[in-house]
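What follows is one structure encoded as structure tokens, with my remarks underneath.
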Amino acid sequence: MEKPQKLLVLINSLGMYDWSLAAKFFLNTQVFAGAVGNGGSERHQNFLNQTRNMEVGSNICNNQMSHGSNTKAIRTVAHFDASTKEFILNSPDFEAAKFWVGNMGKTATHAVVYAQLYTSDGQCHGLHSFVVQIRDPKTLLPMPGVMVGDIGKKLGQNGIDNGFAMFYNVRIPQENLLNSTGDISPSGKYTSRYKDPKQRLGASLGTLSSGRVSIIGMTVVNLKLVVSIAIRFSATRRQFGPTEKEEIPVLEYQLQQWRLIPYLAAAYALDYFSKSFFMNLIELQIGILMKDRSPRQAELGKEIHALSCAGKPLASWTAQHGAQECREACGGHGFLAINRLGDIRNDNDPNCTYEGDNNVLLQQTSNYLLGLFHSIREDNIPCESPLGSTHFLNDFKTILSHKFTARTARECLDCTVPLAAYKWLVCYLLRESNQKLQQERQKATNDFDARNNSQVYYCRSLALAFIEHTILQRYYDYTHDTSTPASLQPVLRKLCTLYGLWSLSKHMAVLYQGGYFTGELPGKIIQDAVLELCAELKDDAVSLVDAIAPPDFILNSPIAKADGELYKNLWSAVLQGEKVLERPSWWAEFCTKKPLIAKL
Ligand SMILES: CCCCCCCCCC(=O)SCCNC(=O)CCNC(=O)[C@H](O)C(C)(C)COP(=O)(O)OP(=O)(O)OC[C@H]1O[C@@H](n2cnc3c(N)ncnc32)[C@H](O)[C@@H]1OP(=O)(O)O
Ligand SMILES: Cc1cc2nc3c(=O)[nH]c(=O)nc-3n(C[C@H](O)[C@H](O)[C@H](O)COP(=O)(O)OP(=O)(O)OC[C@H]3O[C@@H](n4cnc5c(N)ncnc54)[C@H](O)[C@@H]3O)c2cc1C
């Protein structure tokens, strides 16, 4: 608790080496322990101690075979038996089996299970979480009434045993209910400080925010790894040249720079966001520990929820696209498994899905922004979010009257240009999404359809533009802060501007559509500025990668060792491959004892 960043460093260092290893540790000591610590109380301390001492192995168990995103619809039930003071857990059928749960396949001894809580009068009080023992820690055999197994091979992270579990009249002590959102009184009555069931659902799902914030950090690690490999390779790989005698490193090509250097800039900007946002999460968690019930604490929870629900999608997609670009940027050698780009790409992929599907989560962010917009516009309540990410929305009318004023690419090399454009873009998309929602409400018979039909081009774009603005604003402030070493500021500011312009250029159509850009000049000078920054950063690219790459042993990619001896390292790794020079055991069938054609 004195230095919470150490936790982030530990997870990310393990992950740089291997994500399955990191997940095994992380699910146990952070995800499970976090769910117990935040969702429970003093009476659950024992579980935390046992987890910390590695006496038990655990995870959280939310998803079921037929439901993941729609947590409200989870069908596992926990009936309270007042006579024995126990909960009885049941999975109504196999479609309600818990599914995908990490560590569950072979090793979990305990899990935080999400289930619908019923009191003995038959009343359902909604989704709650319970600590359930799954296996005997001494034998790893399932507990009575628990059917548990492994779901099989996945596209990545196969060092993790993802599993399923079903419950048949599994009895657990009443105290195993994690009671921060609701509890059973000694007289058997249900009590909760949340009167509104929607608020209670939000509070019981609050624990998922810390996972989402951590995943942002995990995807940044992947981005750092892939850009390190691709940039080191590109600086040493030579192909073609101005004369027949001289071939140039592929990093000298403008095309290669434009494909890679923006991802390097994204790695720096997202890294800063991830670390600073992690500290915001720590502030929230300290508030929870100290039982802070202030309005500020509640608002902080909402803002962190909104930022993490867009931050995870943006960061995981950036790493996903970056990994593919880096794989191709290394040509054929990028496809050789020992160079690791395939494993990183596949291990990164589920970051887009677990702890909430990216496209589903983005809707949480746009809902939050639309709610604030309504308060500002209709109720004249200024927006004062604790982290300040939405303050600029108070000026939305003035911001919407702005136009793009730069006239040369040189002017665009200042990060205030993309920042101003993003402010306009977020306000514009907010106004348009709100309008679209109103129109759809008039057409549709219910709010559900109206919201669904306002996502594409509106609410989804809004959530992404908002988080890009937040990340850019934070990195801009950092690169202009006096505590940032003056000698580093010039190069970091270039990275910041490049990240801003490159991200902004994906929104060109909307910038023209809404009239912020007019004529061909804005589009052209932004493109020129992106290319100019890539060229200016090219000579620093290897140093910038050296600053974020792990040691060779951890990076574990022969084409990307720090010494730059591309071919020596690759040759040596290939020759050390298993049985590389050996004749195959089936050589005879191949050469002499061939089956006769048409006789098989
Ligand atoms: C190395 C590898 C490491 C591996 C780590 C990966 C481990 C993976 C573990 C898992 O994947 S565990 C399973 C995680 N499952 C999910 O994340 C499911 C995603 N679905 C949800 O979180 C919710 O169901 C969702 C919020 C998307 C939608 O729910 P609803 O449409 O039923 O609820 P609604 O949007 O009406 O939300 C109710 C209120 O709760 C609020 N809320 C929801 N989640 C919250 C949250 N986390 N914090 C604060 N508030 C929250 C929400 O903003 C809203 O507030 P308002 O009433 O003020 O509008
Ligand atoms: C590697 C891995 C590890 C996991 N570990 C765990 C774990 O430890 N514990 C656990 O409980 N769970 C775990 N999960 C499950 C994970 O949390 C869910 O897969 C995730 O929340 C997505 O839910 P889903 O699979 O039900 O997808 P669905 O919600 O069924 O989504 C399917 C598709 O429908 C779309 N969709 C759904 N709803 C909407 C909507 N409202 N609007 C528009 N489109 C929509 C989605 O975008 C998606 O494209 C894990 C998953 C993976 C892949």
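Glycine is no exception: its Cβ is also placed from the backbone N, Cα and C atoms.
Just so you know, TrEMBL annotations are computer predictions that nobody has curated.
For GLY102, the entry in TrEMBL reads FAD binding site. Annotation comment: TrEMBL describes 206-370 as domain 'Acyl-CoA oxidase C-alpha1'. Summarising the annotation, TrEMBL assigns active site, proton acceptor to GLU355. What TrEMBL records for 416-594 is domain 'Acyl-CoA oxidase C-terminal'.
Long-range neighbours of GLU355 (active site, proton acceptor) (same chain, six or more residues apart, CB within less than 8 Å of its CB): LEU208, GLY211, ARG212, ILE215, LYS312. Following the DSSP three-state reduction, the secondary structure of the residue listed as 'active site, proton acceptor' is coil. Around the Cβ of GLY102 (FAD binding site), the same chain contributes ALA23, LEU27, VAL31, ASN59, ILE160, ASP161, ASN162, each under 8 angstroms and 6 or more positions distant in sequence. Across the domain 'Acyl-CoA oxidase C-terminal' (416-594), the model assigns an average pLDDT of 97.
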